[in-house]
Amino acid sequence: MLGQLVGGLIGGHHDSKKVKGTVVMMKKNALDFTDLAGSLTDKIFEALGQKVSFQLISSVQSDPANGLQGKHSNPAYLENFLLTLTPLAAGETAFGVTFDWNEEFGVPGAFVIKNMHINEFFLKSLTLEDVPNHGKVHFVCNSWVYPSFRYKSDRIFFANQPYLPSETPELLRKYRENELVTLRGDGTGKREAWDRIYDYDVYNDLGNPDQGKENVRTTLGGSADYPYPRRGRTGRPPTRTDPKSESRIPLILSLDIYVPRDERFGHLKMSDFLTYALKSIVQFILPELHALFDGTPNEFDSFEDVLRLYEGGIKLPQGPLFKALTDAIPLEMIRELLRTDGEGILRFPTPLVIKDSKTAWRTDEEFAREMLAGVNPVIISRLEEFPPKSKLDPELYGNQNSTITAEHIEGKLDGLTIDEAINSNKLFILNHHDVLIPYLRRINTTTTKTYASRTLLFLQDNGSLKPLAIELSLPHPDGDQFGVTSKVYTPSDQGVEGSIWQLAKAYVAVNDSGVHQLISHWLNTHAVIEPFVIATNRQLSVLHPIHKLLYPHFRDTMNINALARQILINAGGVLESTVFPSKFAMEMSAVVYKDWVFPDQALPADLVKRGVAVEDSSSPHGVRLLIDDYPYAVDGLEIWSAIKSWVTDYCSFYYGSNEEILKDNELQAWWKEVREVGHGDKKNEPWWAEMETPQELIDSCTTIIWIASALHAAVNFGQYPYAGYLPNRPTVSRKFMPEPGTPEYEELKKNPDKAFLKTITAQLQTLLGVSLIEILSRHTTDEIYLGQRESPEWTKDKEPLAAFERFGNKLTDIEKQIMQRNGNNILTNRTGPVNAPYTLLFPTSEGGLTGKGIPNSVSI
């Protein structure tokens, strides 16, 4: 320290040299366009001497005037700013910058930037080309920098050399600590657009009590009855009528909902997102206009009526010339509108499930196959006792055990008895009974009329599943304590019995669609990841190796979740309008969260818990599947193992002992906050890792990355391919099963297709739902996929870079294996009767509606 003090006092006497650098930045923009007026005012400020300055911070030379922290260099400024032409289209611009440097200053470890212009800009990076005795120093920034008067403290960026807290150069430690203090905020005040503060709140902003009782919604989180993961705090004032509810912003300002500035969509993604929405709105409105002149404006009269949503449209020119022209257009929105992938304008794209055959979706084989390779392949479980038993409290709900009997399924088990089939791991169940029964009575007071379902299936010798029976249950009319009334349906393909069987499968699909959207998709990926995003930014410095590991897997998550709270999962939002639980949807997801267990989100643990795999140390991934041809599980285990190998290599480079884990104060604070605040309603659960060993860190990070990337991809990007044709996965049922002797039963006999369509999702709901899932199923053009990074220089450490390259190569190998499996005719579940190859866990993709690709994060 004495040497540093002396150096700081005498350093100015040494000859100064120049170090040149390159700054890459993007000016303020509106979608695809640069804000030209803002650019002009910035040039005026520049001419008046109000510039953008950079000061390097030494990691070896202290400054007595600055509390012996790292010494600052003289300010340097963007070169030729006034002479650089402002591009019309939003994009990156590189500027030179030259710093004074002397030998005592040594290696810069950080820099301070001050923006004296009037507008913000996006700072991508600063690269110092040749620091004497050191070489290139790279700073990955990727942050919006607002005018300095917007900040209470300096904006600081660190070089790409990771450090554990105890290894941080002493002169940089205070800067590291202060930056985290800034990001945490003080928990007060309304957040503004330029804020960078990450904080927590409960879901108290879904309702709007100021607009009447029908818009009141239960607060999710902070109670034993309705526990929930926390969301990002906005600090908006409370509503007038309920001080515990947060007020909402007007719908027209939805895109302005607060998230920390660097969590907002980039301009390319925002352009794509709005373009997809625009196209879907047009596709939604036109059929509605046609319906005004239809005798049954809110009904599809036939399956041909439904198919007209997809066929036709305005086809754009094809070929290399037109593609070259559109690729040359600098504006992303126009490029997306003129896509040349075969989609027509003004019509929905044909969903994959009906591309090859318009009727194969109705087969029992396809109905069962989608439980293994569809959009919700995470529910099916092995049947371990017959008949199935309920776990609901009998004091509250009476006898909820299944009424399926041996007579319903015997004779369909390829010569096996029920006990033999169970012991041979041949019987499986899709069980939505216990999840729905507590809410079903209330749900059926709305326009929804549906059941809680159990579906039994038999694993055949060819690897495919055969439905055996469907049980549909309603709460007992005399009260919950009396249990349920149930009816069991068995397969038939003839006459009215065949039509009833098709309806029974539709009720199962309605159940599965709602559980998928609320639980498998929203709760188990979007909602549970957000606390990890917040805690990582609050407790792990950008210098921390684990921050660098996890950061790509949090991209855009807070923004898409905030938009969901604003327009999708709110009272009267799109989700309530299109899924069967209606206004009870989010409350129901909170009850399900009571049973959420973080370690069980690991794919091997999930498969074992559902009984579709058993632990087996001799198997490649530590588990052996009991359904060999289970596309989601087979591909998923390959992806899981690749992620775990990568995380193991990475974490092992930084942590070699339990002691290093325990003494890492940032890591311990991060994990404590995840447990006690972010997922605070489950803080006392015994299954949380103690974070005392490198293996606990590896397991936890692997699970976080799996949830954010592959699990989300598996349950999201198949939405349009499988549910874009609503008869295959209806989201609502409006009528109960027709009973003999009723007009509905007679219609079912005379016109079964029309009776089917009058039972499931109505025309308006169908169009709204299809419009939504088309948007959610598309990849934006700036997507970053598993095994990719936004910057190749995300870390300076060579061993992690080499491990990451191995990870990418492994994913490429997995892609080849997936293609080989899809081409294997013996694996019938890979494509099924609809001839739809399973590609949802294929790591990479192009932009658009592709049905493949694993983005790094929950980004849509």
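Here the Cβ of each residue, glycine as well, is placed from N, Cα and C on the backbone.
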Quiz prompt | Co-listed Fe cation-binding residue [Swiss-Prot; alongside HIS521, HIS526, HIS712, ASN716] among ILE354, ILE379, ILE380, ILE860 | solution = ILE860
Practice problem: Tell me the residue counts in helix, strand and coil for the region 'Disordered' (209-246), as DSSP assigns them. | Solution: 6 helix, 5 strand, 27 coil
Quiz item: Can you list, in sequence order, the residues of the same chain other than HIS521, HIS526, HIS712, ASN716, ILE860 whose CB lies within 8 Å of the CB centroid of the Fe cation site?
Solution: TRP522, THR525, ILE560, VAL715, LEU776, VAL858
Practice problem: Go through HIS521, HIS526, HIS712, our binding-site residues, and report the one whose Cβ sees the most other Cβ atoms within 10 Å. | Solution: HIS712
Quiz item: Do you know the mean pLDDT across the domain 'Lipoxygenase' (162-860)?
Solution: 92
Quiz item: Looking only at Cβ atoms, how many others are within 10 Å of the one on ASN716 (Fe cation binding site)?
Solution: 23
Quiz item: DSSP says what for the domain 'PLAT' (29-159): how many helix, strand, coil residues?
Solution: 21 helix, 67 strand, 43 coil
